[in-house]
Amino acid sequence: MKKFKRRLSLTLRGSQTIDESLSELAEQMTIEESSSKDNEPIVKNGRPPTSHSVHSFLHQYTGSFKKPPLRRPHSVIGGSLGSFMAMPRNGSRLDIVHENLKMGSDGESDQASGTSSDEVQSPTGVCLRNRIHRRISMEDLNKRLSLPADIRIPDGYLEKLQISSPPFDQPMSRRSRRASLSEIGFGKMETYIKLEKLGEGTYATVYKGRSKLTENLVALKEIRLEHEEGAPCTAIREVSLLKDLKHANIVTLHDIVHTDKSLTLVFEYLDKDLKQYMDDCGNIMSMHNVKLFLYQILRGLAYCHRRKVLHRDLKPQNLLINERGELKLADFGLARAKSVPTKTYSNEVVTLWYRPPDVLLGSSEYSTQIDMWGVGCIFFEMASGRPLFPGSTVEDELHLIFRLLGTPSQETWPGVSSNDEFKNYNFPKYKPQPLINHAPRLDSEGIELITKFLQYESKKRVPAEEAMKHVYFRSLGPRIHALPESVSIFSLKEIQLQKDPGFRNSSYPETGHGKNRRQSMLF
């Protein structure tokens, strides 16, 4: 064994020590233990070793770096094996590939470590395979590094790295993938350029930015970290939920940058939110666009609710829209995953104007139906151009609700008469008013749908999945219901945004800078 290591150290060039030589050699192959009595090579189907960083990844799969790939000299293993390896078969070049002998707890083979034991098993098992060079596609890179589905690394970047590779036969280890992503530029603040401040809140500041990696616009949500408290729980919730929510109508979280002083969430950038959109069209939206936006809200919510995720803070400022008309749910800071059976949650969660009456009266046991009341309020606001229940206090909010929908009774809302807060307010006995009087632009089907959202009893509110099938959306055609989750409704040629009657050309998309810009993305 000592003679083997001495000969190896004299043969391999570019390494400073024997251990380094062995470690470098281990990246090309792993010696396999066998019960075979002789030393003849055994040809087996092996798997390529896992790379440990972008540089080693590129080194293994390309010849683009100056350092030549490591080759096994004929004199190292012995004449018979050396001559065997030197003989090409069928005119093709063969490379050595070995199966891992044993995987350690860190995902690396025992022989691949520079601190491995000096005892090296005799190389009795060798795997050979043809080395086929090909250019890595974007799909390969996404698969290899688990990049977000809509991240498109520019072709020029791939050309600069000069990457070419055989097919990927196994995923990278978690540690290797982290290193690879970091070396590409993910997780680093220097990858992003701040262009302008969009808004500032208690815990966070939001900037419009640009990614140097993709050249795309991004929204940078910079959350200040208090050393005593760490990251706000809202930030932790948002990250933990968004990383698992991949849908055409949910904002995409591209990257996370963590430093000692801040946690920056890198989102896809959309031009404006629904509040700004309504302001820009003078609060007179095309009823066709109202229908398209409502459908997209329901589509994103249905996806969340199928996964038992409650948004809990629906409002126009949290619905982002791009120039194409694609609407996406944003700001999941108050969202949380709901387990079964129902648990008790905080009742201080939803913006006042869009908060359902059961939560206003102190209920802390709720399900996905908590979001559906807010959908009804937003539907009304888009159709009428004004908020439905703009209360300034909890009592004022309840008063506005009861005055329009009628003061609830034991018959219309079982259990309300025993609610202490309801009894303490002592509201007048209002009779319900026809909704059509307040939203005359809605047709009868729209009035029927909004009524299904605005139910006092939460369990009677129509679920998002069911609402998408309502006759109100019949004019959008049948194909919209068969789209994959990741595909935009605007991929259908029959789905097009119309010009709004009150739209001001000069205001799109440059308005909204300043104090109220992107308040939806702030804590």
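Glycine is no exception: its Cβ is also placed from the backbone N, Cα and C atoms.
Secondary structure from DSSP puts ASP313 (active site, proton acceptor) in coil. Cβ neighbour count for ASP313 (active site, proton acceptor): 23 (other Cβ atoms within 10 Å of its Cβ, all protein chains included). Annotated active site, proton acceptor per Swiss-Prot: ASP313, in sequence order.
The ATP binding site annotation in Swiss-Prot covers LEU198, GLY199, GLU200, GLY201, THR202, TYR203, ALA204, THR205, VAL206, LYS221, and the record cites sequence analysis as its basis. Neighbours of GLU200 (ATP binding site), defined as other CB atoms within 10 A of its CB across all chains, total 16.
The annotation compositional bias 'Polar residues' is assigned in Swiss-Prot to 110-123.
What Swiss-Prot records for 514-523 is compositional bias 'Basic residues'.
The domain 'Protein kinase' feature in Swiss-Prot is assigned to 192-473; the stated evidence is sequence analysis. Confidence in the domain 'Protein kinase' (192-473), given as mean pLDDT, stands at 88.
The feature phosphoserine is assigned by Swiss-Prot to SER9 (among others), with similarity to another entry given as support.
Look at Swiss-Prot and you will find SER80 (among others) tagged as phosphoserine, backed by similarity to another entry.
As annotated by Swiss-Prot, phosphoserine applies to SER92 (among others), with the evidence given as similarity to another entry.
Positions annotated as phosphoserine by Swiss-Prot: SER105 (among others).
Here Swiss-Prot flags SER137 (among others) as phosphoserine.
For SER146 (among others), the entry in Swiss-Prot reads phosphoserine.
Residues annotated as phosphoserine in Swiss-Prot: SER165 (among others).
The annotation phosphoserine is assigned in Swiss-Prot to SER180 (among others).
Swiss-Prot lists 30-55 (among others) with the feature region 'Disordered'.
If you look up Swiss-Prot, you'll see 103-123 (among others) marked as region 'Disordered'.
Positions annotated as region 'Disordered' by Swiss-Prot: 501-523 (among others).
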Residue pair ASP313 (active site, proton acceptor), GLU200 (ATP binding site) - Cα distance, angstrom, rounded | 18
If you count the other CB atoms within 10 A of the CB of LEU198 (ATP binding site), including all protein chains displayed, you should get 23
